[in-house]
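**Student:** Before we start, here is the structure in question, set down as structure tokens.
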């Protein structure tokens, strides 16, 4: 039976406090979270309901100019420049005066993600741990998203759709693992949207996906669609073909290539398809694929709850489609969080890390803190659930 | 299954065709009916399967229409082709309406004795694992061997099922023996890739392991015996191909269904 | 390895970084040690703390490799120093 209260909080306190550091992609996040000790957590799985209090949640995004993506080197430099400042601000906002006394644990992202940015954050994490003599916990980024989503929405055992710039996975829990039921065979959905946005020089602030969503909303003829490949393969999906195709359309549109029959009337030269139309069609097509594989996983594990996490999870249209599917399918429910928790942040690392810490999983040798670009969700032993 | 869905299907089929829902997957719902779509009723007990792909309201109508049509057609084509291959057992395709996402199939199987339910492989194995039964009896061994043969034939002819589980294999009784039939080719495809075949075998192995854990080792061994038999009966080339498939199957088993990839 | 012969790491640089206390120098060494070198046959680093000094010994097969390696270690050291300065 799961008992989350085996490790006592520091200094006889009745609560735990964890610092979380995240920097696996272009967002640098630092957060502080507090868990009270709850009696019911001694006798079973209450990991989705920790009564977590978010003491601070600070993020700084490395934004590149329109048409440019973020490179590992530059992103790592951004994180190095801001990391210590963000930690200071997060501690201050959380009213942590002396981290040596007030913090139980420091949690950091071990992976998956971009190597250089991950590394620049772990250096700060290790230094803080040694300076303050506080244990470290290494967190899988994807598990961080899942645990934060569960805590915020109180979804007990949902099928999880994890959609971000680097990941596209459908996940369900079984026997102490978050098992991957379906995933992308090539590029992630966020990556697909980002690269499409780059071709059309759609701004990267606040995020390319958000701007695509706004443009799609402005689409004037929603009963028409630009036909795109639909590439669901069983439980998995593929998006590189779709990107290549819509990217070529986007390039022709951007250059005003009148020979393209899909975009222009060949006789009059009149433009038939707008940027807004392309954004709308791309979203409709990609999201239909995501909802379909999620539904497959739901049928497999026989649940009616879905939790959407990851940056693309903020998309209102995706949430709408998922809600419709859940409703049609045995009156299910969809759970999603807003941008504070959907987009990469430090609090989620603290949440998952604190659960691990309370189950006794801490770093014993700094060698264990080496970051890794590849780190599958199902590699983590989920000790905090039944 | 929601009443709304049943009503929707009834409306499309008209009240002249009574339906009985039997299962709901992610993509399709399955009913039985006693009416043949175009032949007169021969006897009152005849039964047919109707597989219906309902419209999905969450997706754009244009995408929905195109997918429904495409998938209904490709599943029908696959079934029609497989039905003609000597030795392969699949249900006979009776009718297909791609625009409405509807397929009629021959009904296969029967109810097992002692309330063990419908005669798919899953219930059959559970029945033989129950009290006073021998989970390792000759009948079980023989049946699993034949299931292996069916999958062997499928793969040898370069087709893949895509979703092999013990409930997607129906047993039909003939002269006191059970003949396995493969059903539900919703994820099926033609493929000559060893990867697809390896994954097919792995998915089935996992399915046996999770639903019949105590006897899974022997069961999987018998399945593979039957599978291998088909390849071996095709001479040197068969043996070579078998080797390739089994090697990949081993690799897939080591890494899991999914390829390792960048986060 | 080149032409079957072991290449020697002849390009060498030694850095000595003074910290305020010996504890800080020790911490810096501990933070830096765990990370593996991607191509140990081309580049190697050793970290040592003596009193308040962090001594770093770099060896590489050519100037370029040495430069790249040194620069990345210095980046990390800058983060460590900033962390110590601001958060100790």
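The backbone N, Cα and C atoms fix where each Cβ goes, and this holds for glycine too.
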**Student:** Which residue of A:162, A:357 does TrEMBL report at the same divalent metal cation site as A:141, A:145, A:344?
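**Tutor:** Only hit among A:162, A:357 in TrEMBL's divalent metal cation site, alongside A:141, A:145, A:344: A:162.
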**Student:** Check TrEMBL: it lists A:162, A:163, A:164, A:165, A:166, A:194, A:209, A:213 as binding substrate. Then name which of A:57, A:302, A:315, A:331 it lists for that same site.
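**Tutor:** Between A:57, A:302, A:315, A:331, TrEMBL records just one in the substrate site with A:162, A:163, A:164, A:165, A:166, A:194, A:209, A:213, namely A:315.
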**Student:** Measuring Cα to Cα, how far is residue A:209 (substrate binding site) from residue A:344 (divalent metal cation binding site) in Å?
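**Tutor:** Approximately 14 Å lies between the Cα of residue A:209 (substrate binding site) and that of residue A:344 (divalent metal cation binding site).
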**Student:** Return the residues near residue A:141 (divalent metal cation binding site), defined as same-chain residues 6+ apart in sequence whose C-beta is under 8 angstroms from its C-beta, sorted by sequence, else 'none'.
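**Tutor:** Set apart from residue A:141 (divalent metal cation binding site) by at least 6 residues yet with Cβ under 8 Å, we have A:22, A:24, A:109, A:111, A:112, A:113, A:344, A:349, A:375.
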**Student:** Taking chain B as the partner, extract the binding-site residues from A:145, A:162, A:164, A:166, A:315 whose Cβ is under 8 Å from a partner Cβ; order them by sequence and answer 'none' if none remain.
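**Tutor:** Listed binding-site residues passing the 8 Å Cβ cut to B: A:166.
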**Student:** Other than A:141, A:145, A:162, A:344, which residues of the chain come within 8 Å of the divalent metal cation site, judged by Cβ distance to the Cβ centroid of those residues?
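**Tutor:** Once A:141, A:145, A:162, A:344 are set aside, the remaining close residues are A:24, A:142, A:144, A:146, A:164, A:167, A:309, A:310, A:348.
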**Student:** Report the mean pLDDT of the predicted model across the domain 'Gcp-like' (A:54-350), rounded to a whole number.
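**Tutor:** Within the domain 'Gcp-like' (A:54-350), the model's average pLDDT equals 95.
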**Student:** Looking only at A:166, A:209, the binding-site residues on record, which one has the least crowded Cβ, with the fewest other Cβ atoms within 10 Å?
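**Tutor:** Looking at the binding-site residues A:166, A:209, the Cβ with the fewest others within 10 Å is that of A:166.
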